[in-house]
Amino acid sequence: VGFKAGVKDYKLTYYTPSYETKDTDILAAFRVTPQPGVPPEEAGAAVAAESSTGTWTTVWTDGLTSLDRYKGRCYHIEPVAGEETQFIAYVAYPLDLFEEGSVTNMFTSIVGNVFGFKALRALRLEDLRIPTAYVKTFQGPPHGIQVERDKLNKYGRPLLGCTIKPKLGLSAKNYGRAVYECLPGGLDFTKDDENVNSQPFMRWRDRFLFCAEAIFKSQAETGEIKGHYLNATAGTCEEMMKRAVFARELGVPIVMHDYLTGGFTANTTLAHYCRDNGLLLHIHRAMHAVIDRQKKHGMHFRVLAKALRMSGGDHIHAGTVVGKLEGEREITLGFVDLLRDDFIEKDRSRGLFFTQDWVSLPGVLPVASGGIHVWHMPALTEIFGDDSVLQFGGGTLGHPWGNAPGAVANRVALEACVQARNEGRDLAREGNDIIREASKWSPELAAACEVWKEIKFEFEAMDTL
């Protein structure tokens, strides 16, 4: 057949409602808002084309390959309830389109170019189904939940953390002092904030040294294993690795990375190093809201969470749920399960568009952090369960008596909630009573309860189904 130049509708090639998806296909669910006058089939096909083999006109080199083998296909379109102009377009991509073990390449293909497409008003990637054949090309988290518990020798409860504040401006020695005040009080971890890298007021090497001293002193005093998330994020991969190597030489248990600002290539590199060298890896999601906050455009956090599990990280920040609306709770628990479990069933009520099988890729601990304090402890324990990290920054350092009593208050509250749950009490209903009872035995907790008794952060949820 001779080459026929010209422009033809995408849907003639890329909209294939009769296509039966394969177990090896990567499946994507896009929320598409077409421009007025663009039919949904054409918009869905355009997304499939521009994120796989297509371009705006017919090219003669199409004849040199088998497009049927390599093209993305829009195989199903459904309306979005309550939204006249939005549709969910399901696209299947053949596995051959993607480099093995590269989240970078996967995202460059699926979300690389198509989001600036003129025929679309807005486009949001709601979910991805990663086939087991592709999952198996990734190392995933350096260690995973069970190995981390064994390393730390901590079982049967959530882990407790605290972000050191003020996040910027402390000298290395004062920073280390704050770490030392928190850890002996009962916290498992303290944390660098996401933007603590190596600034003029505190260079990274000084911070690492003082924090390591605080960790080892706390361990000697308490008999518990302690850690501080040393942020290795840097301007170059080489510098990042230099910091991770120094952390390993100090003998500390965990380092940290900002995976979105640092990038997936850097993150996967660091995750491989951490597995080879016995370091845990804490992941902060700085910049995520730029990508995931708009309901119509961008990418849902559940996709970023799946990508992180593939790229590698042992902890990741996942929101708090507390004080927010019910729908948001279900959505958050949906991606928390995606992080922790081996096999997650499709469940649209929780925002899960596909069934995901991780074939024993290690799990990631979700981290609840941001605006939480002792009164939230029962709800957090109930919502997140044991396999989580609860992080109280201001909720530790803001204690009226100082950092160490703040740490004690959080640990007492947590142990009280875990004990009450194990005795069969209902944390959702009796939470406040449980905290009040515990505070009779702990003056530190009583003082914390008094300070934060009225604080709430309640706004309407951005993220609805």
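We number each residue from 1, going along the chain as drawn.
Keep in mind that glycine also has a Cβ here, set from the backbone N, Cα and C atoms.
Features as listed in Swiss-Prot:
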- LYS165: active site, proton acceptor (ACT_SITE)
- HIS284: active site, proton acceptor (ACT_SITE)
- ASN113, THR163, LYS167, ARG285, HIS317, SER369: substrate binding site (BINDING)
- LYS191, ASP193, GLU194: Mg(2+) binding site (BINDING)
- LYS4: N6,N6,N6-trimethyllysine (MOD_RES)
- LYS191: N6-carboxylysine (MOD_RES)
- LYS324: site 'Transition state stabilizer' (SITE)
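Everything Swiss-Prot records as a feature, shown here on the structure.
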{"residue": "LYS4", "record": "N6,N6,N6-trimethyllysine", "contacts (Cβ under 8 Å, 6+ apart)": "THR58"}
{"residue": "ASN113", "record": "substrate binding site", "contacts (Cβ under 8 Å, 6+ apart)": "GLU50, SER51"}
{"residue": "LYS165", "record": "active site, proton acceptor", "contacts (Cβ under 8 Å, 6+ apart)": "ASP193, GLY393, GLY394, LEU397"}
{"residue": "LYS167", "record": "substrate binding site", "contacts (Cβ under 8 Å, 6+ apart)": "ASP193, ASN195, VAL196"}
{"residue": "LYS191", "record": "Mg(2+) binding site", "contacts (Cβ under 8 Å, 6+ apart)": "GLY161, CYS162, THR163, ILE164, HIS228, TYR229, MET256, HIS282, GLN391, GLY393"}
{"residue": "GLU194", "record": "Mg(2+) binding site", "contacts (Cβ under 8 Å, 6+ apart)": "ASN231, THR233, ASP258, THR261, HIS284, ALA286"}
{"residue": "ARG285", "record": "substrate binding site", "contacts (Cβ under 8 Å, 6+ apart)": "ASP258, TYR259, LEU260, PHE301, LEU304, LEU308, ILE316, HIS317"}
{"residue": "SER369", "record": "substrate binding site", "contacts (Cβ under 8 Å, 6+ apart)": "GLY161, THR163, HIS317, THR320, VAL389, LEU390, GLN391, GLY393"}
- Message: Quiz question: given the recorded positions HIS284, HIS317, which has the greatest number of C-beta atoms lying within 10 angstroms of its own C-beta?
- Response: HIS284
- Query: Within 10 Å of the Cβ of THR163 (substrate binding site), how many other Cβ atoms are there?
  - Reply: 24
- Would you identify the secondary structure of the residue listed as 'N6,N6,N6-trimethyllysine' according to DSSP, in three states? coil
- Message: Around the Mg(2+) site formed by LYS191, ASP193, GLU194, which additional residues qualify by having Cβ within 8 Å of the site's Cβ center?
- Response: THR163, ILE164, LYS167, ASP192, ASN195, VAL196, TYR229, ASN231, MET256, HIS284
